[in-house]
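A.B. asks: Structure below; questions to follow.
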Amino acid sequence: MATALAKAAEGAASTEHAARIEHVSKSFAGPAGQQLVLDDITLDVAPGEFVTLLGASGCGKSTLLNLVAGLDKPTAGSITTDGRPALMFQEHALFPWLTAGKNIELALRLRGVPKSERRGRTEELLELVRLQGSYGKRVHELSGGMRQRVAMARALAQDSQLLLMDEPFAALDAITRDVLHDELTRIWAETGLSVLFVTHNVREAVRLAQRVVLLSSRPGRVAREWRVEIPQPRRIEDAPVAELSLEITEVLRGEIRRHGQH
Amino acid sequence: MASTETTDTTAKATAGDAPGLSGLEAGLDALESSATGRATFRQTFVGKILPPVLAAVVVVVIWQALITFKVVDDPTKLPSPGDVWGEVEDAWLQGKLLGYIWTSVSRGLLGFLLALAIGTPLGLVVARVKVVRAAIGPILSGLQSLPSVAWVPPAVIWLGLNNSMMYAVILLGAVPSIANGLVSGIDQVPPLFLRAGRTMGATGLKGTWHIVMPAALPGYLAGLKQGWAFSWRSLMAAEIIASSPDLGIGLGALLENGRNASSMAMVFEAVLLILFVGIAIDLLIFSPLERWVLRSRGLFVKG
């Protein structure tokens, strides 16, 4: 009763949100009939909020992100976002036939930015991800970290209020990933974007987020949520980060263990 | 110069929330990106130009040796390299050589451009529209394995001994190759690019123009190259069969004339010229195009 009231109040208060996921379920046709991947997910992302979605394999995190991005439709429930969200993938997904700068310009062009403004805006975005001077670089000439930063700039070029990130740093080496965490935090603070960030790395989730949402697996449900009150800038080695990570990892392991019991 | 740059970046870094981050990042960037230089002319010459030239010289030497040591002692079967060169020289001095080549090459290129204009939209539609693909996809790939020379007799009956018949044969040979090349190019476009394009709003025609076509370019180019080879071959067959004075003398007609005149030197001249044009078009048009596309995508393997 009390929770229902609280939810209603919350719903009334936050008419403004970057993304609202309401009772979303998704099933796919599998070899054993319909397979439920996401079960009744309800989740809001407030404007300017940084939320990480955490879960083991098979929790449907990427599926959920695809739904929010509008690349797929939910079986049940509804998703509302303010405009089309930008999406970043684990692979940089930059187009190899274009230079770094032209990749960003393409996003601007598809959004309808007039030609005269594109170059200037692109240079600004490159500067934001600290790649000034890389406009004419070919994708294959860039390192993994640089590619993801160009991909980030391209996502930002979409000028969306919501940035979806699907394990964008999972394929990077630890040193580069660390640096990109700092970059992402900085850019998030500078731009005031809302971010929904999917990962299976608990420390990464805690390092970045204001709120960590843990999904259970098969089907994916919201298992628990944590508010992360540790002030930024954080480091992945910080004691409070490690402490909370440990706590979340215990719950995550409990979730995973349930699957081995039958 | 360098020091001002450093102070500049550190100033920026302290503005961010992690001091020294940009310097760290610049270091990582420098460590991880590799500079690729291009080969010098000398390297290209020794590695790429010299070997085929040497191979050609060896062939000519063996050819000459066959005649000098009387292994083959019948000029109607094997003319000497000198005789063949004499034919080429005569044609040059009479001002006919470039005419022969141009008659065939202009036909070939014009036919190829037509095939390009038809094969490209055809390939796009086959690749993107499921029903069309199911309907004509198999026929299109079947046609590719049909030797285009087979089209010469029907084309002569339909259109007569004229230029349109030659173009028809070229088109029937090249269009399936070009369309199929594009189809396989599009099939190999990584789905990730399509997803990335869709999140950026590149759907429908915009998606085709900005994402699908450029992503399919390597496969498309391979199709073009094969399409050209097919055009050239079928054109030669058509010229041999449809040689009439008002069509002008192309390389195929030259070959046929040589046969009629029982001049083996002229036959060899024609064969070598046909070969020469085929190689020249590949070296001048397709190879540079292919190299440029692959190099710009970082796919070029130095070999």
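Heads up, the Cβ atoms here are built off N, Cα and C, so glycines get one too.
Note: TrEMBL annotation is automatic and uncurated.
Pulled these from TrEMBL:
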DOMAIN    B:101-285  domain 'ABC transmembrane type-1'
TRANSMEM  B:49-69  transmembrane segment
TRANSMEM  B:108-127  transmembrane segment
TRANSMEM  B:139-159  transmembrane segment
TRANSMEM  B:165-186  transmembrane segment
TRANSMEM  B:207-223  transmembrane segment
TRANSMEM  B:267-289  transmembrane segment
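Give me the lay of the land around each of these features.
C.D. replies: Panel annotation: around the transmembrane segment (B:49-69), residues 78, 80-81 of the same chain, lying at least six beyond its termini, place a Cβ under 8 Å from a Cβ of the stretch.
Sequence-distant contacts of the transmembrane segment (B:139-159) (same chain, at least 6 residues past either end, Cβ-Cβ under 8 Å): 122, 126, 165, 168-170, 172-174, 176-177, 179-180, 183, 230, 233-234, 237-238, 241-242.
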A.B. asks: Which residues of the chain, 6 or more past the ends of the transmembrane segment (B:207-223), have a CB below 8 A from one of its CBs?
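C.D. replies: Contacts with the transmembrane segment (B:207-223): 119-120, 123-124, 127-128, 177-182, 184-190, 193-194, 196-198, 286, 289-290, 293-294, 297, 299.
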